[in-house]
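What Swiss-Prot lists as domain 'ATP-grasp' is 102-297. Annotated ATP binding site per Swiss-Prot: 128-183, in sequence order, evidence recorded as sequence analysis. Positions annotated as Mg(2+) 1 binding site by Swiss-Prot, on the basis of sequence analysis: Asp251, Glu264. Residues or ranges marked as Mg(2+) 2 binding site by Swiss-Prot: Glu264, Asn266.
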Amino acid sequence: MRRDFGKVAVLLGGKSGEREVSLKSGAAVLAALRRNGVDAHAFDPAERALSELAGFDRVFIALHGRYGEDGTIQGALELMGIPYTGSGVMASSVGMDKWRTKLLWRAAGVVTPDFELVTADSNFDAIERKLGLPLFVKPANEGSSIGISKVKAAGGLQAAYALAAKSDPLVIAEQFVGGGEYTVGILGGAALPVIRIVPANEFYDYEAKYLRDDTQYLCPCGLDASLEEQIKAEALQAFRIVGGRGWGRVDFLMDEAGRHYFLEVNTSPGMTDHSLVPMGAKAVGLGFDELVLSILELAHVG
């Protein structure tokens, strides 16, 4: 593994609702780089002008959510000509937008739970009838399960929409799939082992992701080996369809009949002690430090 990365900025913090998670991810990445002799420096774009990045040779993006994961920072780095980790402008923008990701996947034949765009003047009862109950309501452009709620009873969609709309004007309602939550990490051109997520809460929300210690992460995931390999190949293809590159994560659900549905793509996954890509990497013998260096090795412009 090469170490001549030059001066590296670790982008962390930022202005999104996922700032605290990003600070944790960035601190872990920064420590790993420094342990391996990399000249790495923390850089919080909420506190410093982006023009100050001009003195850096590479950027490790540990930002999550708006401005860091949606193509905004990627576009700035493209203009500055500084190689950065993860996906480019288009894939970051599409991947952040759950609605457009699902539209693209559906057009390409990727199976995803049925969904509807919800607006203030939607026929809420008709959407409930079409998708069935329970259903999930999500802001299209938030991560870490911010603003998500589960509608269990008829007539509950309007209130769930109002909650989600506080986070983003674009809101989707999504069919409930109840057989289990899973994720596939992507590193370079390969999919990592599938991880099954078993939250103690009703679903894998912000609390389960970052604050609780009783969420179970199962790897091996319990799926038949041939099915797991099939899903890994499909996850890699789903990642590529949105233009993903470098590294990322693709989440999927299983229904009770054993059918899988791809849920969303994450182009800048978490790197905290609760995070999933490091778990998948560990399962193939790749430690956290080696994972961080591998991601930085894949930094690019264009």
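Note: Cβ is positioned from N, Cα and C throughout, glycine not excepted.
Locations of recorded Swiss-Prot features on the structure.
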residue : record                : DSSP (3 states)
Leu135  : ATP binding site      : strand
Glu142  : ATP binding site      : coil
Ser149  : ATP binding site      : strand
Gly156  : ATP binding site      : coil
Leu163  : ATP binding site      : helix
Leu170  : ATP binding site      : coil
Val177  : ATP binding site      : coil
Asp251  : Mg(2+) 1 binding site : strand
Glu264  : Mg(2+) 1 binding site : strand
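Taking Asp251, Glu264, Asn266 as the binding-site residues under consideration, the smallest Cα distance to Leu163 (ATP binding site) is found for Glu264. Here is what falls inside 10 Å of the CA of Asn266 (Mg(2+) 2 binding site) among the binding-site residues Leu135, Glu142, Ser149, Val177, Asp251: Asp251. Glu128 (ATP binding site) and Asp251 (Mg(2+) 1 binding site) are 24 Å apart (CA-CA, integer value). Close to Glu142 (ATP binding site) in the fold, though at least 6 residues off in sequence, lie Gly17, Gly65, Ile148, Ser167, Asp168, each with a CB less than 8 Å from its CB.
Sequence-distant contacts of Leu170 (ATP binding site), defined by Cβ-Cβ distance under 8 angstroms and a gap of at least six in the same chain, are Asp97, Trp99, Leu117, Pro139, Ala140, Asn141. Across the domain 'ATP-grasp' (102-297), mean pLDDT in this model comes to 94. There are 24 other Cβ atoms within 10 Å of the Cβ belonging to Leu135 (ATP binding site). With the fewest other Cβ atoms inside 10 Å of its Cβ, the least crowded of the binding-site residues Leu163, Val177 in this structure is Leu163. Looking at Glu128 (ATP binding site) and Glu264 (Mg(2+) 1 binding site), their Cα atoms lie 21 Å from each other. The Cβ of Asn266 (Mg(2+) 2 binding site) has 26 neighbouring Cβ atoms from other residues within 10 Å, across all protein chains displayed.
Here Glu264 (Mg(2+) 1 binding site) is positioned 14 angstrom away from Val177 (ATP binding site), judged by their C-alpha atoms. On its own chain, Glu264 (Mg(2+) 1 binding site) has Gly95, Lys98, Thr101, Lys102, Val250, Asp251 as residues at least 6 apart in sequence with a Cβ closer than 8 Å to its own Cβ.
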